[in-house]
Amino acid sequence: MSQDYKTTLHLPATDFPMRGDLPKREPAILERWERDDFYAQLRAHAKGRPLFLLHDGPPYANGQIHLGHAVNKILKDIIIKSKHLDGFDAPYIPGWDCHGLPIEIAIEKKYGKVGVTLDAVQFRQKCREYAAEQIQLQRRDFKRLGVIGDWDAPYKTLDFRFEADEIRALAKIVDKGHLIRGTKPVHWCFDCGSALAEAEIEYTDKTSPMVDVAYPALDPSALAAVFNATLPPDVQLAVPIWTTTPWTLPASLAISVGPTLDYVLVEGPTHSGQRRWLILAEALAAKALARYGIAELLIHGSAKGAAMEQHILAHPFYPDRTIPLLLGNHVSAEDGTGAVHTAPGHGQEDHQVFQQYGLLNRYSAAELNPVDARGVYLSTTPPLGELTLAGLHIWKANPLIVDALRLRGVLLAAAEMHHSYPHCWRHKTPIVFRATPQWFISMEQAALRSAALKAITHVTWYPQWGQARILSMIENRPDWTISRQRTWGVPIPLFVHRHSGAPHPRSAALMRQIADRVEQQGVDIWYSLDQTELLGTEADQYEKITDILDVWFDSGITHEAVLLERGLPKPADLYLEGADQHRGWFQSSLLTGVAMDNAAPYKQCLTHGFTVDQHGRKMSKSLGNGIEPQDIIKTLGADILRLWIASTDYSNEMSLSQEILKRTTDAYRRIRNTTRFLLGNLHGFDPTLHLVPLSDMIALDRWIVHRAFELQQTIKAAYTRYDFAEIIQKILNFCSVDLGSLYLDVTKDRLYTMHENAPGRRSAQTAMYHLTAAFVRWIAPILSFTADELWSYLPGDHADNVLFTTWYDGLAPLPPNAPLTAADFDKLLTLRDHVTKVLEPMRANGVIGAALEAEITVAADADTAARWQPLTEELRFLFITGDVTVTPANTDGFFVSAQATTKAKCARCWHYRADIGAHPTHPELCGRCITNVDGPGEQRHWF
């Protein structure tokens, strides 16, 4: 080439870096956000707009944030930012859950239990200090994720004002008649030394003893007569029960049978040389006898369970205790024997049966529940023969009780069972049901259950199955145990009568007075309060309750203590948490909201799945498959983590591995490279001077703006329904297909070779400006750091931050009367695909190198040919080939053929043209390039 024409080309130029270098670049952006008070500015720009309120469920203030925390906070942040772009004012007030056992345990490890080195006041102060330290650590990590919010004024359940508002919320619930006191079996953790809520329980596999125990009939002949059978004088009769909790047998006070179940009187194994008949559910008889070593089913009679009611049995090892046969609808024929040993102090259904029969008052508290808070039998527990139970832990007692039953001849079968069993979520140890005096929010007393079920149907659930799940939970849940026997928490400030145990008749009013004091001095004031100040002459008749509130009550009333307190409306638009919160925060918030206001505190509930590795396994240190968010940020950047979260179907388990992160990084690179190319081609473009009206744009440029408009509508709708994976998929497809494989490739010729101010070049730049201005908004909620950086390179005057704007309004659909309609482009792009397919074998066989070396002939039906012939001169630019000829033919549709060109290659544009060499000034250039270099410039209309 005799002359260097590179200087006559307008190649891309931008300072926007090719490499994201996110771990280094993101902290600088964060510093600027902090310095400029970005969140306050965002709220100021949104002032006066409609409000969208996403209420933050508080994480627990203990330990570093993990991947699940990151997923939750980033999903919320994506929604908050998208709502700002959608024209809403979307405040975000983060919060922390600060009371409860994990913090108590942390302080106990350092200082010992209350009373060892610290009194209760000092202990609570250490808990408060510890929680504040943990909040600082977590707040730093949450901000590093790119999550914006009111981090300088979060809500904390340990704040005096919050604790006071929590007591006021409880007073409302008392006013509405939902609070009750009772001695009921509740989930109990021996390590906590306290009752547990449903949400504090997790199910883990456990191996338990499985025993069948015979309860002899006290009047065997009468019981046999129920089955229309005559009992021979030398035959014994017993009712076997099956249990996996032998330790509860000392508390066994009855046997329950199913009233409508069919029972049979069968021949059982001999006992002490005598025959013994057994009563078994007919559906379970053969299976039970097989456990007892009996192969043959010999039936002596049959009867319904209801016929056995009130017949009396003997306890298997307490001869003085009589055991009535009672009817219980909970008894099934699924497993066991069809007879259930009933210990009302250790089972909720057992307790209900005794309640129905009015039997609870016949027994002392120690008979109902012979186990103390640590899991040890009380000193009053009678021995089992020579086995002393008093002072023995129940888990140690299990095998000893089995041995004692065997010695007494009442053990019919014994084995081990591996099954799912409830454990304490904090200690990971097995829990039990244990009857203790507790405070409850009743599900029935003031019709809370039915009101909550109705409220659920007025909420929109994402995914939809969330509604059925929480409906089932509310339908079947017991009363909510809200009292805890611990130190660090909000007290239940009730005065109860010293003799009757009844709460003071002015309890709600007194609680509000106490709340006013707590707001000024904290919860310690309750414990130091001289009750004569509030009760006057009644003070001697009452005593204070020392229980504290369940931490799920703390977080469950944030709609009252945070939203109302900060002047925000109820219900919130959205609650968003992990799928486990159907039985946690969603449920506690629902119950308190309905109890106080007869309405759910949220309009929508969205749940996300848990994080797992690529094999679907839960991430854990023991498996070595855990990936911490801090490590991802340190090596790849927060935007990569945000992109993975957004691109994953969070309604199910969310898989993450190094390979998945690599694919996510590749996707990020595609987005970054696309935007960098757009910015590079906007070099020298000023939208105030060079923007071309949509109606004057080249047809292809107008079409890509149309495509961007369609995509923006799809993206906006997907943000509205929280489908972020669709957004990422659509954006990546747009980058690869519409832009990378088509538009950016086709427009290079115009952008590089035309005059700087040529209408065709400015048209392409205008389209690219519109694309970039829209694109940066599309990604801003997800790739917040990258969007912030990209925005700073966007030409022209604009707001300081992309989130101070709304969705881009410079896009528009193609009008129906456009010179080339959207339907026309669909056909042309189909034709382009056919051209590509025709050229592939030519390239593979060496007939051509680049597509520019091929000349194309399109034979089409008359109507199609007539539509395409005006475009003939410019179709080569759309196809990026040599000359294109369109001819009418007697065919349906069209047919494409190609041949290698014999023309010379232009040294500047690389097109093969017939007029190269015809111009002595520039013998190496085609006529088009000559007019672009020295002349008025070429004219384009279509491509």
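Keep in mind that glycine also has a Cβ here, set from the backbone N, Cα and C atoms.
As the structure is a computational prediction, the values presented were derived from the model and not from experiment.
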Correct range for motif ''HIGH' region' (source Swiss-Prot, candidates 4-14, 59-69, 422-432): 59-69
Feature motif ''KMSKS' region' in Swiss-Prot, mapped to one of the ranges 243-247, 543-547, 618-622: 618-622
Residues flanking the Zn(2+) site, with Cβ no more than 8 Å from the Cβ centroid of C906, C909, C926, C929 and excluding those residues themselves: T753, A907, R908, W910, H911, R913, I916, L925, G927, R928, I930
Lowest local Cβ density among C906, C926, C929, which the record lists as binding-site residues, within 10 Å: C906
Neighbour count (Cβ, 10 Å) for C909 (Zn(2+) binding site): 19
Rounded Cα-Cα span from C926 (Zn(2+) binding site) to E577 (L-isoleucyl-5'-AMP binding site), Å: 64
Local Cβ density at E577 (L-isoleucyl-5'-AMP binding site) - other Cβ atoms counted within 10 Å: 21
Residue counts (helix, strand, coil, in that order) that DSSP gives for the motif ''HIGH' region' (59-69): 3 helix, 1 strand, 7 coil
Per-region confidence, the motif ''HIGH' region' (59-69) (mean pLDDT, whole number): 94
